[in-house]
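Quick notes on the structure that follows.
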Amino acid sequence: MAAKASSQQSQFMTNAPLIESPDANQIVVPDNKSWKNFFAYLGPGFLVSIAYIDPGNFETDLQSGAQYKYELLWIILVASVAALVIQSLAANLGVVTGKHLAEHCKNEYEKFTNFILWILAEISIVACDIPEVIGTAFALNMLFHVPVWCGVLLTGFSTLVLLAVQQYGVRKLEFLIAFMVLTIAVCFLVELGISKPDASEVLYGLFVPQLKGRGSTGLAISLLGAMVMPHNLFLHSALVLSRKIPRSASGIKEACRFYMIESGIALAVAFLINISVISVSGSVCSSSNLNPDDQKNCQDLDLNKASFLLKNVLGKWSSKVFAIALLASGQSSTITGTYAGQYVMQGFLDLRMKPWLRNFLTRCLAIVPSLIVALIGGSAGAGKLIIIASMILSFELPFALIPLLKFTSSKTKMGSHANSKTILCGVLGFSGMLIYLAGIGYLVVRKNKNSLHLLALTTPESREMERSVSGYDDQPRQDIVSMQFPQRRTNDGN
């Protein structure tokens, strides 16, 4: 019986490398100082940057531009700079110590703390997978007119993509995904040139922080969550271990420098794409010559309606090309999310699960809320769920960022590569901004809730309903209605 149970368990667990790709066998970096070595380090940063142009980013970018034009561009700039610093810290941790973030957490914290951090990391991975599910469902809807709720169910078959990766190799799929995402990036850049947004307004929105309107704070939090994702810290610190670098002081220093440059290039591309999407959305939706259908789309813009923004570039093919790029973006993010989940499980629990099973479990958890919202709220509700998922990622970020800061600031672990006070203050300042925005968001929601409550009690019928539900009688007491209150005395004594 025990042998049978062990056999069944082995079908789902594996001792093989976590990423079954050419990178699983370490790439040896030559032990000589040369810029040619930079090409040996290319890969991890670009793989991580896929998360910065996933369906969640597209959704928040589109809504930000449609509702607030260029006012939230500064969030993208701040988030991109912070992401470069934070991702570089994650890469440095792996390079210097030879262990990734989840492994350090397991070695540093007690079991209960580790369990909480693991649960939070898994929640962030599921929250990140929700936009991929909905984005893929929207893409299937645009391509084959499949209902959104049905498309959500079909995303469960993305497990087949993981099997294809294992069979044919991840490199070919990466090239295909890069081509598709690059296609949509070029389209938005060309559309940006056609729409010709006001350069002064774009620069003002990029460098002058502002939050106007009740919904701007929520979108700002969503933009931050869509840009700086907790699971990326675990992923990046692990992916750098696929390179076998010289363990000399100069070799480690070179690796840290090249990984930062690679991350900078990858994040710069993602930054330009996000800026283009917001600018195109803001420019087109603020135009005075929109037809009634486009005006209606701009009022509640989501991924399922966004293809009209590219019609000047692609004409009648805009919907198909946008859908294909959206599908590619969703699937590529699914792969990176699966790898991150594997590293999280291996690091915290010392448990290795086969990629297809790991993807299937994560996808099932993401499908449940997506399916419920798609059935109840349709396309609009699914789009709002993406925004909520991005907000969850913002709130989850500190639970991955604080351990990362602790480990990379340790002289014992990092030696001369430990964080400087400038880096530490900068990252803490970014965290403070997150807390500040979260506080404002809470106050805005609370204020809106109270306003709606007071508004609901302005009619006799609503007041009667409130009394019947709460049991509270707000009728004035008759014994004090005619009571005389002291009058305020004036300067002349009257």
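Placement of Cβ uses the backbone N, Cα and C atoms for every residue, glycine included.
Per TrEMBL, the features are:
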| type | residues | note |
| --- | --- | --- |
| REGION | 466-494 | region 'Disordered' |
| TRANSMEM | 35-53 | transmembrane segment |
| TRANSMEM | 73-95 | transmembrane segment |
| TRANSMEM | 115-140 | transmembrane segment |
| TRANSMEM | 146-163 | transmembrane segment |
| TRANSMEM | 175-195 | transmembrane segment |
| TRANSMEM | 215-235 | transmembrane segment |
| TRANSMEM | 256-280 | transmembrane segment |
| TRANSMEM | 321-340 | transmembrane segment |
| TRANSMEM | 360-379 | transmembrane segment |
| TRANSMEM | 385-402 | transmembrane segment |
| TRANSMEM | 423-445 | transmembrane segment |
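Counting Cβ pairs under 8 Å to the transmembrane segment (73-95), the top-ranked stretch among 115-140, 215-235, 321-340 is 215-235. Same-chain neighbours of the transmembrane segment (35-53): 23, 27-29, 83, 87, 91, 128, 174, 177, 181, 185, 226-227, 229, 231-232, 235-236, 239-240, 242-243, 254-255, 258-259, 261-263, 265-267, 269-271, 273-274, 329, 332-333, 336-337, counting only residues six or more beyond its ends whose CB sits under 8 Å from a CB of the stretch. A contact between the transmembrane segment (215-235) and the transmembrane segment (321-340) is present, since 3 or more of their C-beta pairs, 6 or more residues apart, lie under 8 Å. Same-chain residues lying 6+ beyond the ends of the transmembrane segment (385-402) with a Cβ under 8 Å from its Cβ atoms: 55-56, 59-60, 63, 86, 101, 117, 120-121, 123-124, 127-128, 130-131, 134-135, 218-219, 221-226, 228-231, 233-234, 302-303, 369-370, 373, 377, 427, 431, 434, 437-438, 441.
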